[in-house]
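Student: Below you will find the structure I want to go over with you.
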């Protein structure tokens, strides 16, 4: 024992603490020395040290020096010297990081600039004059005064007709001059200070420089509205709603109703009038940037609200009260509900005027904008707002503006420090207690606990300002401090002595709910479901055992469900009491009293009901014939049942509930509602419309009918006879020692028989739900017209209907007719459904969609030209009005030649038949008509008067022949092809462009073209007159025409041609295409993604959607994208660096999307032929082209660049739509061009490509008012200041994206370190950036935070800090792996109108669900399976949840939030550590509980990337399953389960945690079945029992254990796939993948439920084609799949060896097929779906890598991927709590069943069934353990006597072998017994290992932990060998690798791609 006391791990905590303190202080001292300050406004961080950037504008001075030195070297020298002086003053000792190097480099630059002066001595006394003279010249050279005059006139005109590029360039130049003036003036001031006596300078010029320098402030960075930037052209002055909103916020202190600002200590804004925000900021101490941010926010909200009501027409631009009230009401709604709930007077009721309502709205926004993490606490914000609003009213009654009593004069952030930070400190302290999720949830307060404290009136005990000694502000006593926390603790001041009798408040704990980690939450939350299932099982079972006879006796037995029901209600009450332990102190007394009352009531009722029922049974069995007890029991149950039914009706059925709510003032109704369900702040009035209620009730009636009928007839009833038989059998002969069943009616036999049946009974509801939901979803989808256009043929056939559908659904309607903003057409033409007008409106936006496809390189130039649609302008010419609709060429291609064949076939027939055949093909008809009309128009345009006369006569004669039905008789169509050929030749000449550049050569070429055109016309004339005109009379008429003949003879007929230009030339080109295209366009576009997008867009136009408003009236919205560390753009290094297989990303993409690569090259080299592009490579790219290449590659990965491009399509779409609508500010809202009469006017379409006047500027401004995009890149500041090139590249790429997309904003967290009183302190700021004109970023807002942002889940916190910078009434959340499409963004207006729709239930929608398309499913089979699984859920699944069941939640992005609703109710996600791991879905829970409504819409879709490798998919599914495990114990799940009506509760359960629970139950059923079979195998010579069991197992277990699995495999892919696709998936082993996923979900859900520890796992979003090493697969899946798979296989082996001997092969296969399939899938799926998984060379390398990992002990700092020992310790990390360890031990006991069952079957045991046999097996196991110890004796310990140890080991080995051999020969032990013993003892050993892990401290105390680790290593080695052997064998066979490649990458093979090239890589395989 003495040695144990000296163990090194027993170090004193005091010593350890001191050591950690010393280490931490040393580290902090080093950090102070290298203190750096991050900066957020410059991209030159690598040049100027960070410690200097924050303190001075050194960077801008040096930049100006570099620029100005080119014009005047002396100026550059002076500025550089000043910069050096500035740096020297800031850091004279060069202590900052990089300062010394910077100074050295700067001195070198200065010396170089001095050297340019040569030997000339520098006269520094003239520096000031040099600077002044330079600025005078610089100012005059750039014409600053003229620029200012032009800019002033432009701003005052308000017309904005000037080109936007000119305006921007002028603004940049003026700003540059002002900046130069500021810098030069700053240098001159510094020089004057050095030489105060210097007077030789121009004071007037100095004054001008100072004025110019001051004007730079007018270019202050702004977000959307330039409110304080007079130097910027403010186009929003032309929007009356914006002007009205600004005026509404103005603070008129001259008014008698408002106090005046003091003259002192208040700085009035110079560039804008005083407003409400100035008052609130001054009074309460809000941050300046917070006020600026919320000022713009409220102005935009008010202006958009006004625009929804109508455009202001009065001259004062005064907002309508409705606009102001709308914003105010939506902002105050949650606060007012909070006041009503707590019986407090709302401060909003005191706002009797519009101005006061604006004060309140602004105050709330300011509180919210600075609340930081408190934004997750909406009711806490209500409390703060309530008191501040009360104080605000008092301050407004004063004569002069005074400070609030909460204002801190010594703090620049008064509100933050005094109000926000105390609550934040509590949150931070509680978050530390959580220990990053390692501590139980019950030990610390999360966000919900802190917020729910404000749900009770006791919250007002906190007083105002905060009473910081209250229990609420007590910090946790036991905090798991980190090293830094220990050393940074500030000693607390000694408390003042407590007054006698004063009661000290205790710390407030959990509130209302405690997240105890227990599986009982599943029952607690959904007890009604379990009560129904248990009671139905009991009732059906009793009815079946009563032989289905409905007698009084049967009724009495069935009535036993009554006591069961009451007892289960009592169990629920017990859980209410026990699971609230830890929250009683902070829970409202009314809730506690309700729990206790219900517990007492159900306890008494249970006792009464049970006693009455027992007496009833005794009475029945006594045979007295009386029913006294039964009547009493029936009466009690009747009353209870009646009351239960009555309460359920009035509280759950919507109509009855609404009537009850009307009577809620009655005490009885209040009491009933209070008793029946808990009353929370959330969760009231959660009922739906009555028709919706009956819809989902009918759904569940069908599900329940199917489920219970199936359960009764195929599960319960067939079990009756076997059960009776087993109970009736006596003296069963067991193989082993029976301890339970023999004298208890064979109890264990019955349990083994019934257990799997009962488990299937509880899980098959999920299967029936899936089946019925699939059918319902298919029917709903069919009604929505989904899938009507799913091929190119369907698209072509319905394309003629697209313009009409487009106008109907995507063009705003005005009074039943189309808007005429953009076209002038006759009133007769403007009718609904006019094809020409519809085509005019449709063509511009369709063309934009096509052009976007070309920009994305999905189509080539040829396909683009074929898909573009003419603008269809209606033009008036001498030939008449051209009103024929012109369709895209891909519809008309080859049509004229098809028509020619038809004419040729019918040349001797009748004209009517010919015309009918042509009209049968719509586009043939259009092609013929257009070719005919266009040829006439083209010839008319180019000919002179003589030629036109001939053309007029020819076409007139043809028209007359058609009218008289004599066309085929008068004209010869047999040779009409010659006519077409001549016209084609003519058009080719007309569209030919001269190629020579010099004027003479060009003139000569044009002359030749004219001659060729004349020749072509002559040929045409000859063919027409000689061959085409067949009628002799017609020919005679032409021959007798003297004018025609004379002009022909003298050559004047075709002289003086008018060469086509502009629109005429486009017409010629189109005619040329129509006549020249002889190829079919059936496969245009070729690219599958382009096809899919066009098909979906076209299909969606025929779906039902709200009518869109004009852009000006639409709901405004923002998009928010959280970004952490993912790829922004692929760098050159990433594109060119090869992986271990020699594959680069660029090579991968070129192989996977070869058509898109060729299209990209065509875009880069437009003058190179398409077929020659394949010879080009990226090596010849210029720098600009390589940037385009990086973008091209990035747009095909899951990068931020791809997401940003997609989201910025929103702005592009809005600009296009605004331009098409003619969104001009001067135009009357109801305007349009009212044309009188039928006068023909020219249609003038202002297409988005050719806008006129101020249309572009106005449209862009309109789009900015309606849309904003914020990417919250929280680490952007760290990336910029990082010394790592990768991080710097990310920052530079983000900056590039900002410059490429002017509306993109970046929000990030800035951490600044300061030394305060010798301590290093971090301060955090939330900043918003935009691109600056100088190529850098510039800061818009900077809002200080109370502390570190990430207290909980990182993504939620990241979104929360940036949400203050979003705008609008709606907010779309977009993940980093998503994209969008231009054609889909056109429908955003329609989608946003759903918020105002009344078709979605009692409540307006608060979250709009959007369909997703998974774009990563096109290469590998796994990616395809994953995409189909996702598609099934995000379409059919969510369709049913939203429309039929009304339980859709927020499952992720790209849902659209009602922004105001959610920012006032806690945000768009929850963030408590671990419990809110599934962050997104909690937004749906919160929205539903707060009377929200979540819908789903499928007419718009957004792209989404998913994981494409098995390891990525498993990590993702594991994360989701873990999240669901955490959801199970959350308060949100509990409340929804309690407050939903029964049927919505069922829907919610089976579509959330119920899915994972039943999945786990499915796997457990396999275990229960197989372990049950092992037990039943010990029954010997019981023929009756065996015959009874045969039928039961054959028909039930064999089918039912497979049924849920198989149905899930099928239905998870989608309900209505084509049969061929389904069979293809089966051949690709999709079932193996889904079986593997089943194990993933089961493992992580169960482990989280048992142990917790759920963490966010980054899955990676790269391209996965590289081979995954065996060791990595083993590490990933050993515990989740391999161990469980091995256990199932061992169970099956035991079954086949000891239990299946008397069964046929068919019955055995049927019974065990699903189990074998599941086990093998778990074992080998990672290798089947592993690229090159069976390639021999890689297999050899994998084995070597695995063995190295297995035997590497690891060292300090090593990771689990390097050492087995470290990995093994990491795998046990989740086993922490006593509860978890206990259940681990209990579950591990199952492994001993193998040994107990097998040892009695050994020949050595004979017929001995005593316990001694089992005991001897443990002796054998102990002997094996001793042998293991001998053979693994430490080499280090035996270093001095290795020879003896080895000799001893050899002797022991020989002795053991000899002993076993002798025993086999001389005793009853057989060789089979030896193998059976191995089969028995291997599971036992694993069970002992599993028990040793929770008992690790005990094992270490006994010093056997090393042996435990050694045995564990042996087990892993053995399991790895078993796994590896089949892989090695298959790898040896050469054809297996090829087959596997085809299997895994079938999707790519089906597209004609050579995946083998990728897998082979550039590294040759020497083994081949």
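Positions of Cβ are set from backbone N, Cα and C atoms, glycine also.
In TrEMBL, annotation is done automatically, which means it is predicted and not curated.
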Student: Please find, within the list 1811-1831, 1937-1957, the residue stretch that TrEMBL describes as transmembrane segment.
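Tutor: From TrEMBL, the annotated transmembrane segment range turns out to be 1811-1831.
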Student: Which range is it, out of 1523-1545, 1707-1729, 1730-1752, that shows up in TrEMBL as transmembrane segment?
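Tutor: That would be 1707-1729, per the transmembrane segment entry in TrEMBL.
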Student: Pick from 526-545, 546-565, 566-585: which range does TrEMBL record as transmembrane segment?
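Tutor: Based on what TrEMBL states, transmembrane segment spans 526-545.
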Student: Is the transmembrane segment (1811-1831) close to the transmembrane segment (1843-1868), in the sense of at least 3 CB pairs under 8 angstroms with a sequence gap of 6 or more?
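Tutor: Answer yes, regions in contact.
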Student: So if I exclude everything within five residues of the ends of the transmembrane segment (634-655), which remaining residues of that chain have a CB under 8 angstroms from its CBs? That is, six or more out.
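Tutor: Sequence-remote neighbours of the transmembrane segment (634-655) are 559, 562, 566, 605, 608-609, 612, 672-673, 676-677, 687-690, 692-693, 1402, 1541-1542.
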Student: Using Cβ distances below 8 Å and needing 3 or more such pairs, separated by at least 6 in sequence, tell me whether the transmembrane segment (526-545) contacts the transmembrane segment (693-714).
Tutor: yes
Student: Other than its close neighbours in sequence, what residues sit by the transmembrane segment (1914-1935), given a CB gap under 8 Å and a spacing of at least six beyond its ends?
Tutor: 1670, 1674, 1678, 1682-1683, 1686, 1723-1724, 1727, 1733-1736, 1738-1739, 1743, 1746, 1750, 1764, 1768, 1828, 1885-1886, 1889
Student: For the transmembrane segment (768-786), which stretch among 693-714, 1548-1572, 1782-1799, 1811-1831 has the most Cβ pairs under 8 A?
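Tutor: Going through each listed stretch, the top one turns out to be 693-714.
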Student: Based on Cβ pairs under 8 Å, which of the stretches 693-714, 1782-1799, 1811-1831 lies most in contact with the transmembrane segment (1548-1572)?
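Tutor: The listed stretch sharing the most Cβ pairs with the transmembrane segment (1548-1572) is 1782-1799.
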Student: Could you pull the average pLDDT for the domain '1,3-beta-glucan synthase component FKS1-like' (355-467)?
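Tutor: Here the mean pLDDT over the domain '1,3-beta-glucan synthase component FKS1-like' (355-467) amounts to 91.
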Student: How does the domain '1,3-beta-glucan synthase component FKS1-like' (355-467) divide up by DSSP, counting helix, then strand, then coil residues?
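Tutor: Going by DSSP assignments, the domain '1,3-beta-glucan synthase component FKS1-like' (355-467) contains 78 helix, 1 strand, 34 coil.
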